[in-house]
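Annotated features in TrEMBL:
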type: TRANSMEM; residues: B:6-37; note: transmembrane segment
type: TRANSMEM; residues: B:71-97; note: transmembrane segment
type: TRANSMEM; residues: B:117-134; note: transmembrane segment
type: TRANSMEM; residues: B:146-169; note: transmembrane segment
type: TRANSMEM; residues: B:189-208; note: transmembrane segment
type: TRANSMEM; residues: B:215-234; note: transmembrane segment
type: TRANSMEM; residues: B:246-264; note: transmembrane segment
type: TRANSMEM; residues: B:271-292; note: transmembrane segment
type: TRANSMEM; residues: B:402-422; note: transmembrane segment
There are 2 protein chains.
Amino acid sequence: MVVPTWIYLIVLFGLSILTILREPIYICILAAILAGLATHKLIPSFKPQLIKARLCGTDMHKKDKRLLPEAVGVVSGMSYIVCLCLLIPFPFVKWFLNEKNGSQLNQEEFPHHKFEEFIAGILSIVSMLFLGIIDDVLNLRWRQKLLFPTIATLPLLMVYIVSYGVTTIVVPIPLRPIFGRIIELGPLYYIYMGMVAVFCTNAINIHAGINGLEVGQSIVIALSIIINDFHFLLTGAQPAVEAHTFSLFFLIPFVAVSIPLLWYNWYPSEVFVGDSFCYFAGMTFAVVGILGHFSKTLLLFFIPQIFNFLYSCPQIFKLVECPRHRLPGYDEKNNKLYASRADLTLPGAVSKYGKIILKIFEFLRLVDIEYDEKTKEMKSVNNFTLLNLFLIKFGPRSEKNLAYMMILVQILSSALAFFIRYKLVDLVY
Amino acid sequence: MVVPTWIYLIVLFGLSILTILREPIYICILAAILAGLATHKLIPSFKPQLIKARLCGTDMHKKDKRLLPEAVGVVSGMSYIVCLCLLIPFPFVKWFLNEKNGSQLNQEEFPHHKFEEFIAGILSIVSMLFLGIIDDVLNLRWRQKLLFPTIATLPLLMVYIVSYGVTTIVVPIPLRPIFGRIIELGPLYYIYMGMVAVFCTNAINIHAGINGLEVGQSIVIALSIIINDFHFLLTGAQPAVEAHTFSLFFLIPFVAVSIPLLWYNWYPSEVFVGDSFCYFAGMTFAVVGILGHFSKTLLLFFIPQIFNFLYSCPQIFKLVECPRHRLPGYDEKNNKLYASRADLTLPGAVSKYGKIILKIFEFLRLVDIEYDEKTKEMKSVNNFTLLNLFLIKFGPRSEKNLAYMMILVQILSSALAFFIRYKLVDLVY
């Protein structure tokens, strides 16, 4: 489907009208729609170029094992960056117009901290996009994948120091007798924020492997944060309003460039999104969470990803045998996915602590262990990912069905997050 | 050659000593050395990954037509960005220490404009690195190559507006009777700066094609600007000192990560630098030129590139037949390069204006036209690049020799630039 040119013209017309009206958030929405339409048009045009560059991979969960272009998230990323760069001036339009009206350039009045946040945010996101495309092309090592996001977060933390520098947290009521009402975390707070950024950039990449899942979960998270932002805009006080407007400026274009990507990436996929998408999506969330001062609320929207990460830990830290790929397996006969398994009969497949963890997981019914009938030794276990867990709990199912289930899980966890944030929190604060 | 670990340790030790001494520019120099050493070590380790990803090309100017890894500039770029991100806090160390000593966070005292310049500069450079790697992988079209640098410059121009907003230029004395002493260019000035950025990012890419030339010329330009910066640091007044310190913070690490790249890229090359290097080098120059307020001086250091661009125009704008590649040809027998030629007997090879230009160029002795002996019609002409011009003027020569010549030309033009900037300029200002 090609978007007709007149749609662009209408949007451009609307954009110019609103530029005159000078309402930054409306301009942001319209620019986002334009970026989304452009992405929708650009993705098909980049497909042959990507395949020519051999940036492509096989879809393992299909009968025909088609070769699909990889790293298409880069196209969304480019539209996103262009959109953000073009949007920079708008929140400051009032100031510029004042300047133009003859009055002298007023350094003191200009909201420098807002401007710095904007630029540092874009810088962190572009850095991760850059790392993402390098990872897609070169397949970086784990060390490099952890080092770079940490460094890409530095400008963000610098801006945080410069514009707020608040490193205290409010202690939950039950703990106040021990710690007092407020704790000054100091440098620890910056380490915490750096870890939030590293977690966000990798979390989406780890919870992946079936058509539409990476983009789908990102859109659900983004929409949840947007709803939370609007909640503050409608009820909040000035500093909160400012922080959440900032968040909207980053997230509305993000959703707009992600929807066309989901269009092409949903089952049956025509393109793969690549690490580039996962990294830049994760960093976008980290940027709004850190600079919007709601990193704890942000993490609430990552419940499935946090669970998936914790669940994966025994394999990631090699306590239990970890095969190179942990994607669900594919049964060609009935076109269904089933849980992939790790072979526990290999030498050194389970360490001492690994055995304890396997026992605990078995007690919690989080794993499906296969035992040898004679020796009663463990033969194999499902790989520790949320996808495989669902497949052992609810049985083999089609890829499309599993993708819907995962998106549903993400939506339900967002509902849970809102409940915790706005209901449960009253009990402890 | 592998750099021994003790060198790193010594540099790290020096770095920590100087961190205590808190002299930002020394820290910058030491961080740059460290980044350079890291680059020297990283490049060989990335070579197999690049070849595996099929980011490689044939060296056309060698007998054995070896396959070399491409886009190695990305490795320099990564070291450079990491180095810059780690350096951000140092120019502001005094302010941070004041804060720490118990006095309240002082928003007014913090040099926001300096901080914004730093972040926006890095943002523009990372954006171009991102475009560069995409171009290396996907081979973008001309339109995309021009659009993206323009947009990547926007944050830079925004910072310029916010922190200076000076859009006037001083008129040369001979023209003052007409225009007055100072002209207010207004928006035109921003268009001019945007064009400087687009020119810089593409200029190095166009003046390329033999081993070591892209990095060689970039290092000469960078060193020239550094000399110019030190000239100001030793003699200048406060605002100039600040702008030129800023420039040093960007250029010293740039030279440091480029030298190891030249090491591997010099004749006979082991690696190609790729568009990624050309773009990020060009944008680095544009950043320091625009934010350091010496864009005119900057352009003086680009004399060979400007000449090469103007000389190329008839072919770029298709007034004269332009073959897909305009690299010098290679004569296997004597291992020498000769000027490559455009076939003028093709239909539509020379337009009406093209003929006039060919005549003018011939009169200026800038081209070598081959005539048909009978019809006296033009048969072919050398391709319009500086490399080919030198090859027709000084005869075929080895690639190494030509590379030395080009670097010499670059050095001599820098000398000329200094002469114009510091001697000739007195006559007109």
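Going from the start of the chain as shown, residues are counted 1 onward.
For all residues, glycine too, the Cβ spot is worked out from N, Cα and C.
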Of B:6-37, B:117-134, B:215-234, B:246-264, B:271-292, whichever stretch has the most CB pairs under 8 A to the transmembrane segment (B:189-208): B:271-292
Considering the transmembrane segment (B:271-292), which listed stretch of B:6-37, B:71-97, B:146-169, B:246-264 counts the most C-beta pairs under 8 Å: B:71-97
Interface check, the transmembrane segment (B:71-97) with the transmembrane segment (B:246-264), three or more C-beta pairs under 8 A: yes
Ranked first among B:146-169, B:215-234, B:246-264, B:402-422 for CB pairs under 8 angstroms with the transmembrane segment (B:6-37): B:246-264
Long-range environment of the transmembrane segment (B:146-169) - Cβ separation under 8 angstroms, sequence gap at least 6: 113, 116-117, 120-121, 123-124, 127-128, 131, 182-190, 193-194, 197-198, 201-202, 279, 283, 286-287, 290-291, 293
Sequence-remote partners of the transmembrane segment (B:402-422) [C-beta within less than 8 Å, at least six residues beyond its ends]: 210-213, 216-217, 220-221, 224, 227-228, 266-267, 297, 300-301, 303-304, 328, 337, 386-387, 390-391, 394
